[in-house]
Amino acid sequence: MNYCFDSSFMTDTSWRLSCLSLRLEINKLNMLCSKFSDAYDFSPATFKVNAQQMENSRTSKNIESGLTRYAQIYHRCKGGLMDLTFDFILKNEDDVVSDTLMVDSIFEAHTSIDVVGVTGQKQFWKAIKAIVKCPKCVELKLPREGAAFCTQDCFKASWGTHKSVHLKAKLASVGSSKPWELNVASPSDGWLYCLRKGQSRTAQTPHFDWTGGTLCRPLRPYPISKKRVVPAGIELPDWALDGNPKIEPISDLQHVVEIKSPEMIERMRETNRIAREVLDAGARAVRPGVTTDEIDAVVHEATIAAGAYPSPLNYHFFPKSCCTSVNEVICHGIPDGRKLEDGDIVNIDVSIYYKGVHGDLNETYFVGNVDEASQQLVKCTYECLEKAIAIVKPGVRFREIGEIINRHATMSGFSVVKSYCGHGIGELFHCAPNIPHYARNKAVGVMKAGQTFTIEPMINAGVWRDRMWPDGWTAVTADGKRSAQFEHTLLVTETGVEVLTARLPTSPKVFPWLD
């Protein structure tokens, strides 16, 4: 099927149509009579049907009534644009199609449109519209100049350069000059999507059966920036250069809970205090319009300013210096170009390496005005951690922590994530003991003075199950509902517990229940 347009326009104020010829070749439609293609007499403004030539055709009645009634060519030449409205029989005598084609001035140069392999009227019109107008340009309501293409192949061949028009339009609409904040990769600036747990990057948006967000506010991965630089002179963990922890996986401390020496405990106190100060710096940056990458930059700079190394950076190839988990992200969210929005919740997880030991803590913060349900979720999670810390002392079984947390969460109508647990910490980032946060867990061992470990409950508004994003790190709730988390590093003392990452008098006042 071939449509040829030959149109030129008068430039006077009347905008009159001086010439229009529309030739239809329908030889391949064998369900219509062979004389069908000769049945039209085109004039500048009317579409006439020569019924006499088609009196032997079983479709003549339908053609005569359908085309003469609906297939009037009317024109609106303002701006070099015409609307061509006509009916056309594609399949049988009772199957009349009606639609409107928007034809741009691109057709002024005897442009031909070839439609090959199109079957059925819906597919036909879909193909025609895709050829005539770039759908993204239509969505963005861009000027018609430059948005029309002669064929589908022409459109595909031009896409590499044409798509920049869409990006410029988006940037102009939001007043931003940063493509990654609009979820557009920018390879020239090093902003790419993360894949394979940080071991590869791509400029293509990852495909996934996304679970969360809403129709107007979906949560999706955004491009991430280049790896941040750690200056010389800062002590590095053994994974800093190649991404592979070497001592940790084979250490006996994966099976035996270490009793820290007084000297190591002092180093742990100092390191965890710095970690708290770093987290507080990140918390002060939380507000609508700030990207999680910008929060990561704050955390990174605060860490290296203290002479410490951000433990997550390149740990098993994790690409950033902290974790930022927004809304339905349970944990290990990768800081990226997405701007925080009013009503979000965001968890910032900070870990640092200083003087040979690690410190680890996290908190969940409100972004702007947050709904009541999310506030209750965050408060409940905070209370779960506080109640668990309250039972820590020598002689208590590690498994009891999960019972306490699970009881409070379920009574509040929430669920406890079972896939991720607290852990021992010291010279190793992760080691024994394992601290499950759910009931009826299999944790072994009892608490003893000198042990250090984290408790970090993850509480979900819906089901406890999780899914993994294509980046290999970001764990999200299976049902897309929100999740919150709090974490402290603890030291078991002779009489109870010391919270090494406790809030300081200078910590930002961000939780209403603490005021």
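Placement of Cβ uses the backbone N, Cα and C atoms for every residue, glycine included.
A quick note: this is a predicted structure, and the numbers were derived from the prediction, not measured.
Marked as domain 'C6H2-type' by TrEMBL: 114-173. What TrEMBL records for His332, His430 is protein binding site. For Asp349, Asp360, Glu487, the entry in TrEMBL reads Zn(2+) 3 binding site. TrEMBL lists Asp360, His423, Glu456, Glu487 with the feature Zn(2+) 4 binding site.
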**Prompt:** What other residues of this chain sit with their CB within 8 A of the center of the CB atoms of Asp360, His423, Glu456, Glu487, the recorded Zn(2+) 4 site?
**Reply:** Asp349, Leu361, Asn362, Gly422, Ile425, Thr454, Ile455, His488, Thr489
**Request:** Please work out the number of neighbouring Cβ atoms within 10 Å of the Cβ of Asp360 (Zn(2+) 3 binding site), leaving out its own Cβ.
**Result:** 27
**Message:** So among His332, Asp349, Glu487, all listed as binding-site residues, which is physically nearest to Glu456 (Zn(2+) 4 binding site)? Use the C-alpha atoms.
**Reply:** Glu487
**Message:** Distance check, please: Cα of His332 (protein binding site) against Cα of Asp349 (Zn(2+) 3 binding site), rounded to an integer number of angstrom.
**Reply:** 8
**Item:** Confidence summary (mean pLDDT) of the domain 'C6H2-type' (114-173)
**Value:** 61
**Item:** From binding-site residues Asp349, Asp360, His423, Glu487, the one whose Cα lies nearest His430 (protein binding site)
**Value:** His423
**Request:** Report the residues of the chain - excluding Asp349, Asp360, Glu487 - with C-beta within 8 Å of the mean position of the site's C-beta atoms, for the recorded Zn(2+) 3 site, in sequence order.
**Result:** Cys323, Val350, Ser351, Leu361, Asn362, Thr454, Glu456, Thr489
**Prompt:** 10 Å Cβ neighbour count around His423 (Zn(2+) 4 binding site)?
**Reply:** 19
